[in-house]
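Undergrad: This is the structure I want to talk about, given as structure tokens.
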Amino acid sequence: MSGNTYGKLFTVTTAGESHGPALVAIVDGCPPGLEISLADLQHDLDRRKPGTSRHTTQRQEADEVEILSGVFEGRTTGCSIGLLIRNTDQKSKDYSAIKDLFRPAHADYTYHHKYGVRDYRGGGRSSARETAMRVAAGAIAKKYLASQGITVRGYMSQLGPIEIPFKTWESVEQNAFFSPDPDKVPELEAYMDQLRRDQDSVGAKITVVAEGVMPGLGEPIFDRLDAELAHALMSINAVKGVEIGAGFASVAQRGTEHRDELTPQGFLSNNAGGILGGISSGQPIVAHLALKPTSSITTPGRSIDIDGNPVDVITKGRHDPCVGIRATPIAEAMMAIALMDHLLRHRAQNADVKVNTPVLGQL
């Protein structure tokens, strides 16, 4: 199966299935000398791991990462970094009844047609379990970006019909929803409790922000930074849409409103989301992700079996009623991986470029 590697100079390759023995990642291109520890990686993995609240899947995975190579005495060596996370709480018997059925809105049907064989246990390769390795790799990218003065942070901005206004970054890490507004948490909890009683699921929107990004990242024409970010973020399971900056709201804006005017003191707005002409402007890079409702629900759904016969499918097992609740660390990881790749690419070609024009911030 191709398509398992992301990046050009900083690359991340993952392998593994939901119910296999382990998940694996090879991270290549990280410069030598970066201080990195298991704790750096484990922090973000703990933010993503399942079973941390009643609102997520109750599959209990420690998600303890092992560094197999590329790090010596606490520093990267410049060689490939091998990462491993062992699966410890698989319940494959939950899926035996659907091995010859196609779950509605899952990858079962498309994997069957593409490969002629599929691992039906928990979705196999198509499961969001794979994203644990992205988060581990993304933690390396975040550590490197931090050494360059760049931070990547995310939060939930909408769950189902509930819009969540941004208040403080401090609130994001203090609740299970990654909500930036603590006053919204009781409403979110009540909504999820009712959703569970209804045996249904719901979608969400995640916002990711990168601050401290220097101007110049991005490679026109086909490797524009916004196109690369959309690629990276759209590769996350259940993501059905990505916006950069004002995104689809740009349709209703006029040019006098949408254009981000410049003054000697800084930009007056950031509708472009920190990217102009496919190249970073030095403003915060802002992206929004729309995630669909979880397809694995206990309410019967119409489908077919491998012979084309009509069937009703009830998906058993342990599933997230809203995949968006655990998606924030994944979105942060993919943005960080994309930005690190482009930072290294920019330095490889343009490290000696100097201009006298000041770098503007945002007012």
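Each Cβ is built from the backbone N, Cα and C atoms, and glycine gets one as well.
As listed in Swiss-Prot for this protein:
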- Arg48, Arg54: NADP(+) binding site (BINDING)
- Arg125, Ser126, Ser127, Asn237, Ala238, Gly277, Lys292, Pro293, Thr294, Ser295, Ser296, Arg318: FMN binding site (BINDING)
Undergrad: How big is the gap, in Å, between the Cα of Thr294 (FMN binding site) and that of Arg48 (NADP(+) binding site), rounded to a whole number?
TA: 16
Undergrad: What is the separation, in Å, between the Cα atoms of Lys292 (FMN binding site) and Arg48 (NADP(+) binding site)?
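TA: It is 18 Å, counting Cα to Cα.
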Undergrad: Please classify the secondary structure at Lys292 (FMN binding site) using three-state DSSP.
TA: coil
Undergrad: Can you tell which of the binding-site residues Arg125, Ala238, Ser296 lies nearest to Arg48 (NADP(+) binding site) in space, using Cα positions?
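TA: It is Ala238, whose Cα lies nearest.
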Undergrad: What is the number of other Cβ atoms found within 10 Å of the Cβ of Arg125 (FMN binding site)?
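TA: Taking all protein chains shown, Arg125 (FMN binding site) has 19 Cβ neighbours within 10 Å.
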Undergrad: Where among the binding-site residues Arg48, Lys292 do you find the Cβ with the fewest other Cβ atoms within 10 Å?
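TA: Counting other Cβ atoms within 10 Å of each of the binding-site residues Arg48, Lys292, the minimum falls on Lys292.
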Undergrad: Looking only at Cβ atoms, how many others are within 10 Å of the one on Ser296 (FMN binding site)?
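TA: By my count, 23.
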Undergrad: Helix, strand or coil at Arg125 (FMN binding site), per DSSP?
TA: helix
Undergrad: If you skip the near sequence neighbours and keep only those at least six away, which residues in the chain come within under 8 angstroms of Ser127 (FMN binding site), Cβ to Cβ?
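TA: Residues satisfying the criterion: Glu17, Ser18, Asn237.
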Undergrad: Are there any residues in the same chain, six or more apart in sequence, whose C-beta is under 8 angstroms from the C-beta of Ala238 (FMN binding site), and if so which?
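TA: When sequence neighbours closer than 6 are ignored, Ala238 (FMN binding site) has Ala128, Gly203, Leu291, Lys292, Thr294, Val323, Gly324, Ala327 within Cβ distance under 8 Å.
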Undergrad: How would DSSP class Ala238 (FMN binding site) in three states?
TA: coil
